[in-house]
Amino acid sequence: ALRCRGAMWRGAAAALLGLAAACLLRRGFEPRARLLSAAELRRYRGAPGEPGLYLALLGQVFDVERGRKHYGPGGAYSGFAGRDATRAFASGDFSPAGLVDSVSGLSPAELLSIHSWLSFYRDNYEPVGKLVGRFYDENGAPTEALREVEAAIEEALKLQAESVQQQQQFPPCNSEWSSAKGTRFWCSRESGGVPRAWAGVPRRLHRPGSQGTPCVCVRSSGPPWGQPGSSQHRDRGDLDDPRLQQYEGCHPLAEQCVLPT
């Protein structure tokens, strides 16, 4: 297993850190960072007489004194102080039941929210150590639970990248409905909020594992997506993509299609 620690690994690890999701998620933490127990972390809620104002996210502890108006006593996010409330960063549940470190059952979008918050704290607050518990053991080493979360976040990032790419390839159609005419789908150079140099023609898109067949705009000329330099193509853009289905009763190259009620 890759580790982000130890002088003996510096030469080899330098080339691998950029590829390891675990290392990316733990970026900014020193190998001998301070280890805190849950009881010790509870002393850092920013109340008078307490030693400071800390919070933890995925077991990484940050000094949030700079954000005292938010995290200190009476602040809107005071419930985060002195504990690891990772789940609440994704769920928005600030009740005692929601201010916990369990991430079980969270969706890919919620995991991406946690990833985003972790980047925010790394960029804006000082990391001071690790919380011994769910995500780090008594030696400060990552637990299996942390490795599972990191793998899930890495998968969510891949799905996000694929979604962005698919929206560029198949932007959503414009649509409107009326009781008199039915549903009209049409394409323009900005439909779906995706500016581009082509308008496209409406098609149904089948996504494996997803319900429904949304209307998308499809390029009808040039090489297929991902083959910009290809000379061996039929000048049909992405019309031959097997995931696409033509709307019955509509001209194959029409930029709009009306489905009667």
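From the backbone N, Cα and C atoms, a Cβ is placed for every residue, glycine too.
Noted in TrEMBL for the protein shown:
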- 220-231: compositional bias 'Low complexity' (COMPBIAS)
- 232-243: compositional bias 'Basic and acidic residues' (COMPBIAS)
- 36-132: domain 'Cytochrome b5 heme-binding' (DOMAIN)
- 202-245: region 'Disordered' (REGION)
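Confidence across the domain 'Cytochrome b5 heme-binding' (36-132), taken as the mean pLDDT and rounded to a whole number, stands at 96. Applying DSSP to the domain 'Cytochrome b5 heme-binding' (36-132) sorts its residues as follows: 37 helix, 19 strand, 41 coil. Broken down by DSSP into helix, strand and coil, the region 'Disordered' (202-245) contains 0 helix, 10 strand, 34 coil.
Residues 169-173, 175, 185-187, 191-192, 252-257 of the same chain, all 6+ positions outside the region 'Disordered' (202-245), place their C-beta atoms under 8 angstroms from a C-beta of that stretch.
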